[in-house]
Each structure stands twice: as structure tokens, then as C-alpha cells.
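Undergrad: Before anything else, here's the structure in question.
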Amino acid sequence: MKNDTLRLFFALPCPPQLAEQIVSWHDSLQLKGRPVIPANLHMTLAFLGQQPSSRLADLRTLAATVQGAAFELRLDRLVRRRNGLLYLAPSQPPAALLELVERLGEALLAGGFRLEERSFLAHLTLMRSCSGQPPPDCPTFDWPVSHFALLASETGPQGSVYHQLQQWPLLRID
Ligand code: ATP
Ligand code: MG
């Protein structure tokens with residue numbers, strides 16, 4: 001049966017307007033590599049990998065129990081790894097982001113999901129197989145984070161396509 005398993009991850013989807021700004025700045029750098037399209041810009045919070053679709057209901061239920069505060073995410077570092085991964089990152093990951101990742105991770109573990117053992121790295125991938133030298137300076141991109149989402153990733157002819165299955169609000173503390 002088709003779709004009896006799904007490749008799932010929790011993420012912060014980048015708001016479309018900010019994604020366009022980031023991509024138009026990134027395009028202007030004219031780096032060589034495989035750029036991520038604006039619709040795919042996101043920050044992964046927890047990667048679940050291939051999961052039976054029958055687990056979706058449990059995932060939705062446990063995500064609804066995860067309480068987190070809304071926060072401002074300031075992306076102000078451009079990093080290129082030796083493997084060619086180019087990403088934006090916050091030089092100071094907000095405490096609310098780290099708390100959200102921790103609470104989500106705890107809820108997933110309690111729900112019987114196995115998680116990545118590597119520690120969380122707050123990053124937003126811009127390009128893969130980047131061969132050019134990125135500039136030392138990076139503009140600052142401010143992202144008001146107000147919800148997190150569960151996404152399913154599919155491999156299409158043009159690369160990965162993400163489908164947002166559900167999103168949950170983060171609490172605004174004024
Ligand atoms: P592609 O693999 O086609 O280049 P992609 O990496 O965007 O595209 P997925 O592999 O489905 O698509 O991954 C979805 C998200 O989960 C991405 O942010 C990816 O970096 C992250 N991810 C993938 N595999 C892992 C993993 N083993 N551990 C942690 N995060 C992962
Ligand atoms: Mg991948």
C-alpha cells in the first residue's frame with residue numbers, strides 16, 4: 001500500500017516572506033552548489049525518519065502536549081561545513097528554542113520514538129555541495145517563531161518536497 005510509511009520530522013518552517021529574503025540574498029552570493037528552494041527552508045527540531053502512518057495519530061497527540069514559548073530567532077552566522085553544507089545559524093540560540101527541542105525530545109522518547117543521538121544543532125540549510133567560499137560577513141535575519149510543525153518529506157523529481165501535516169502554536173508571553 002502506498003504511503004504506509006512516511007519520512008517525518010518536526011521543524012520550524014521558515015515564513016514565506018523571510019524565506020524569499022534569505023534566498024534572494026543567498027542567490028546574490030552566486031555560490032556553486034545545490035540551493036534549497038524557499039518553500040523548503042526550515043529548522044529541524046527532531047528527525048523521526050521513516051515511520052508507519054499508523055503512528056501519526058500518536059505523534060499528533062504527543063505534539064499537542066508540548067508547551068513552548070514563542071521567541072525571536074536571530075540568524076546571524078553563515079557556516080560552510082567541509083562536507084559542503086552551507087547554513088545560517090543563530091550565534092546565540094534562544095533558550096526557548098532549546099527548551100522546545102528538549103520538551104519535544106522528551107515527549108517523543110516517552111512515546112516510544114527513537115531519536116538522533118547527535119546533539120541538536122540550530123541551523124537552516126541554504127545549500128548542499130557548496131563549493132564556493134562564502135563571505136565572512138552575514139546579514140542578520142530576524143524570524144519571529146510562533147509555531148512548530150510536523151512535516152513529511154517525499155522525494156520528488158526536483159528533490160525533496162515537504163508536506164506540512166499539522167502545526168502547533170507556541171505561547172506568546174507579553
Ligand atoms: P535531501 O535528503 O533530498 O537532500 P532533505 O535533507 O531536505 O533533502 P530529508 O532527508 O527528508 O530531506 O530530511 C528532512 C530534514 O531532516 C532535513 O532538515 C534534514 O537535514 C533532517 N535530517 C535528515 N536526516 C537526519 C538525521 N539522520 N538526523 C537528523 N536530521 C536529519
Ligand atoms: Mg537529507
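Even glycines carry a Cβ here, placed using N, Cα and C.
From a predicted model like this one, the values you see are computed outputs, not experimental measurements.
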Undergrad: Would you please say which range out of 6-9, 10-13, 42-45, 162-165 has the annotation motif 'HXTX 1' in TrEMBL?
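TA: Within the set 6-9, 10-13, 42-45, 162-165, TrEMBL attaches motif 'HXTX 1' to 42-45.
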Undergrad: For the feature motif 'HXTX 2' as recorded in TrEMBL, pick the matching range from 75-78, 123-126, 171-174.
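TA: Result: 123-126 is the stretch TrEMBL calls motif 'HXTX 2'.
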Undergrad: Give the sequence-ordered list of residues that share a chain with H123 (active site, proton acceptor), lie 6 or more positions from it, and have CB atoms under 8 Å from its CB.
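TA: Result: M43, V79, Y87, L88, A89.
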Undergrad: Give me the long-range Cβ neighbours of H42 (active site, proton donor): same chain, 6+ apart, Cβ under 8 Å, in sequence order.
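TA: In sequence order, A11, L12, P13, C14, L124, L151, Y162 meet the Cβ cut-off.
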